[in-house]
Amino acid sequence: MQIKTMAEYFANGETPEILFWVGCAGSFDQRAQKITKAFATILDKVGVRFAILGKEESCTGDPARRAGNEFIFQMMAQNNIAVLNGYEVKKIVTACPHCFNTLRNEYPELGGHYEVIHHATYLQQLIDDGKIRMQESGSFKGRKITYHDSCYLGRANNIYEAPRKVLEALDAELVEMKRCKSNGLCCGAGGAQMFKEEEKGTTRINFERGREAVDTGASVIAANCPFCMTMLTDGVKEQGKEDNVQVLDIAEMIAQQMV
Amino acid sequence: MHIIQELLFVIAFGIAVYLFYRKARQIRQNILLGRDVSLNDDPAARWKNVLLLAFGQKKMFRNPLVAVLHFFVYAGFLIINVEILEIILDGILGKHRLFAPLLGSLYPVLIGCFEILAALVTIGCAIFLVRRNIVKVKRLNQHELDGWPRSDANYILVTEIVLMLLFLTMNTADQALQLRGHEHYINTGTFWVSGYFVPLFSGLSDGALIGIERGCWWLHILGILAFLNYLPYSKHLHIILAFPNAYYADLRPKGKVENMPAVQKEVQLMLQPELAAAEAPAADIPKFGAKDVPDLTWKNVLDAYSCTECGRCTAACPANITGKKLSPRKIMMDTRDRAEEIGLQIAKSGSFTEDGKTLLRDYITEEELRACTSCNACVQECPVSINPLHIILQLRRHLVMEESSAPQEWNMMFSNIENNMAPWKMSPDDRDKWAVEMNG
């Protein structure tokens, strides 16, 4: 596989169909890199001409803004917009709901207007268009899967159905947690909490969510966010269930099962 | 004799309306303490919110059982205003059941409907009292409700029950008199609820019945006028402010954080210094974030006055669920308390001067603010479109940008983003390492 950067496309006078915005977690976090690779594999298999920004990509500024540091946010945002506009980017797909939300909702008023799609929606489109086809008897067939709504895809942007539709393609048994969709419980990482200790409480948010997910009896917890991935994995470990319950991104599940 | 009653009524009514107007004006001033923000775009979407959220109670139905009970109380409130209109006109004009001759056979049907609603309101409020005080529903018994907020809730429920019982008793006595053919009490036909209780009054003399009817009439209307004036001091103000608050609700996706044009400009000049020459220097240094109520927007303060402390936000807050100090409801209660405090000071001395207190720290602590995951559960849950997250984020901005107050880990995250373009201490050169690995 040959993953090309925007700069490489540009140098050849070509334009890719989409820009795959990888995000910091997807680039640097070892676990999240697997999601990135899985999504890149899917794009490659279905023959989408995609580019990454590579070393030209920067943090969108999401955690800085939510922690209260608008200066750092503006620096990142304005630099990113300059790069994206420089390449005349039209369509962006990302596997991180935080990047998705910031690029989609917060960049336009700073001059960055793009069609921004989260990979859950994009995968659903590819499945609907028949571009992704699944193996007849995949390894998820009939298994109990529970889906964790990330706050930034769900409540923040009202996307609840796309990831569930993607999971339906796996022919698995989808079981819902008590708190799901617009009632979903946060993994505990949003609002820059990922980057600091939690305040003192009776338990950790991800422990609470991990317990709730494990209680469904599902053997797979499906996530759509690299931060939820980290938090839920820890939550499952706290329940001592890491050998029986996997936490997987929907892109990983599709990549594993597609023909 | 009659004219005295009418005079007394007009005086009582006038005083009540005047007092209400005076307090309402003060609350309006307190709301306008907040900085200006324009929320008038897309009126169609805004009216839709008013219809669905305020009139339709859409979000209440996330919990159907409570929603039905609340709907009775709410519908009772709205519709019984028609009946109050008749009472007020009767009071001013010295008439009795002014609408009866006008409406003819429709009149007992109308009153019958009001009575059914009155009975449902009574039952609803009684169940609410049980939920608060006997079943002790968790969100209705958390710490921030200790003291006045808890009593306030109970006073409201008890008052509503009393007002409804007065209305039903008044009608019962009225009917008993009608059946006896008393000249002043024209026959209107049987009322649907109070009709069943007429036999209870069979042993009473005409005089006693008139006493009961007049007594209940006066207590009912004086109670309503008193209640009107209690509203602005109580969480119950939501019955009025829920409507404008739904109109001014944020129409943008919940994930969008408010932009700061001042910072945007400053960073723009930093990144493109060549623009600075054409730019006139800023007149004054803007404030970053909010420390006190006047730094918030008027919508934030309107939110605070619209809050009825139901705690659906807090019950859904992941930080609160896991025992942290943050409670979105408390953020709203604190904002309202502080706005009242400032308003009182202005009323006394004419202007707001530093009183050594601020919303930040004296009311809302850093620990509370730090615990928020910005998950929007509180915003999602609020039946009247309150946004506690917006206040939290503005206070966080003040902490970080004005006071450089952030946990050490956040400071490291900030410098990592600034220096390495990622929140972790990673080399920017390794950003596409995964791709190099895949390219083989």
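Counting begins at 1 with the first residue displayed.
From the backbone N, Cα and C atoms, a Cβ is placed for every residue, glycine too.
Taken from TrEMBL, the feature transmembrane segment covers B:6-21 (among others).
As annotated by TrEMBL, transmembrane segment applies to B:65-89 (among others).
The transmembrane segment feature in TrEMBL is assigned to B:109-131 (among others). Only residues 6 or more beyond the boundaries of the transmembrane segment (B:109-131), in the same chain, are considered here, and those with a CB under 8 A from a CB of the stretch are 69-70, 72-73, 75-77, 79-80, 82-83, 99, 103, 137, 140, 154, 157-158, 160-161, 164-165, 167-168, 171, 188, 191-194.
Sequence annotations record features per position, and here TrEMBL assigns transmembrane segment to B:152-173 (among others). Sequence-distant contacts of the transmembrane segment (B:152-173) (same chain, at least 6 residues past either end, Cβ-Cβ under 8 Å): 73, 76, 80, 83, 111, 114-115, 118-119, 121-122, 125-126, 128-129, 132-133, 140, 145, 191, 193-194, 197-198, 200-201, 209-210, 212-213, 216-217, 219-220, 223-224, 227, 230, 234-236, 309.
Feature annotation from TrEMBL assigns transmembrane segment to B:185-204 (among others).
The transmembrane segment feature in TrEMBL is assigned to B:216-233 (among others).
The DSSP breakdown of the domain '4Fe-4S ferredoxin-type' (B:298-329), given as helix, strand and coil counts, is 20 helix, 0 strand, 12 coil. Per TrEMBL, the feature domain '4Fe-4S ferredoxin-type' maps to B:298-329 (among others).
What TrEMBL lists as domain '4Fe-4S ferredoxin-type' is B:361-392 (among others). The average per-residue pLDDT of the prediction over the domain '4Fe-4S ferredoxin-type' (B:361-392) is 98, rounded to a whole number.
With a cut-off of 8 Å between Cβ atoms, the residues of this chain six or more beyond the domain '4Fe-4S ferredoxin-type' (B:361-392) that come close are 49, 53-54, 57, 59-60, 62, 238, 241-242, 245-246, 248-250, 254-255, 258, 290, 296-297, 299-300, 303-304, 306-308, 310, 312-319, 324-332, 334-335, 337-338, 399, 405, 407. Among the recorded stretches B:6-21, B:185-204, B:216-233, the one sharing the largest number of Cβ pairs closer than 8 Å with the transmembrane segment (B:65-89) is B:216-233. Long-range contacts of the transmembrane segment (B:216-233) within the same chain, counting only residues at least 6 positions beyond its ends with a Cβ under 8 Å from a Cβ of the stretch, are 9, 12-13, 16, 19-20, 23-24, 27, 84, 87-88, 91, 155-156, 159, 162-163, 166-167, 169-170, 173, 239-240. Taking H, G and I as helix, E and B as strand and the rest as coil, DSSP gives the domain '4Fe-4S ferredoxin-type' (B:361-392) the counts 18 helix, 1 strand, 13 coil.
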